[in-house]
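Enquirer: Below are the structure tokens for one structure; questions will follow.
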């Protein structure tokens, strides 16, 4: 890919250089810090839109959580504010089956982490969001170590996966009403999974900037998932030992112009556009974190200070980028119309976050929910500029607040 992106004055080469040499190495380090590696998620929420057609039975999708009775009280944030050392018996952890086969979600946590989660809970405050947030007090919500559960291809495909993406694009993505191009999973194909193949690409005729931006963000999110599944693909499994790695053939099939009737490069450009939007959000939210009252609290003072210093260093880099997307060009019409469109924008995106509870593969659901919440947090930031600028220096803000879950999702989604 080369050249300037649509709807902004940024060229791809500048983004590549900026990301490769400045941002990516630091974001990688930040994702490895305790504050950012644990994400609380409910993978058992029912699909709100259609009857559940059953979870993926492939072992790469599988999650084997510890029984409720075996999980120490200390990690049940919200259900108990007291930490019981008696409940934190390492023998109980050993009794739990560790789900570490292939793509299984590993929910095992260190004792130190459990203590930190109790303190993290006091930083979380409910807000009006772009995403449908999990109830962290639910007994079904559990902490997941993202480093032990990388996003990769699980084999999840077919009608169930198709239904999710078709619902996202056809019912929740702005597009010309005359266009309808769903991908039929039952039609003859080359074995494609809907999680890996773009459902539809729409002409821009009649779409205003805001709706073009919305579509590009969803397409960019889809492309991001495509790329990670192609880059971390189950190449072979010999005697129970899986070998994961890049699958160039799959990548070519999903993005090569000749294989996608010219659409592949645009899908990749939408990924760059998504990067710019989340980069812009990071630069805009910097004042929130620059205040002394905000800590990345884990209970380890030395690590917390290092984590915040690294995050502030990343903010300095994001501010130095000279070709940011200008969100001020959005919703700039008459106030009544702009307000209505912004609310429509928010509700569409919130609906997409709810659709993630319909993903049948737990590994796919985990990363889908995290990346959707990360993008939703970025949008919340971009639409809260005035509130962020008026933050009090030495006291918590009532006008703008980020929960720990939003912060973790924002950083990890951008890292993706």
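Each residue, glycine too, has its Cβ placed from N, Cα and C.
Feature annotation from TrEMBL assigns active site, nucleophile to 361. Residues annotated as active site in TrEMBL: 364. According to TrEMBL, the feature FAD binding site maps to 152, 154, 165, 219, 222, 254. Among the features that TrEMBL reports, disulfide bond is placed at 56-61, 361-364.
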Enquirer: Over the residue list 152, 154, 165, 219, 222, 254, recorded for FAD, what is the maximum interresidue Cα distance in Å?
Expert: 21
Enquirer: Measuring Cα to Cα, how far is residue 361 (active site, nucleophile) from residue 154 (FAD binding site) in Å?
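Expert: Rounded to a whole number, the Cα-Cα distance is 8 Å.
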Enquirer: Could you state the CA-to-CA distance between residue 364 (active site) and residue 152 (FAD binding site) to the nearest Å?
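Expert: Spelling it out, the Cα of residue 364 (active site) and the Cα of residue 152 (FAD binding site) are 8 Å apart.
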Enquirer: Across all the protein chains here, work out how many other Cβ atoms are within 10 Å of the Cβ of the residue listed as 'active site, nucleophile'.
Expert: 27
Enquirer: When neighbour density is defined as the number of other C-beta atoms within 10 angstroms of a residue's C-beta, which of the binding-site residues 154, 219 has the lowest density?
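Expert: Looking at the binding-site residues 154, 219, the Cβ with the fewest others within 10 Å is that of 154.
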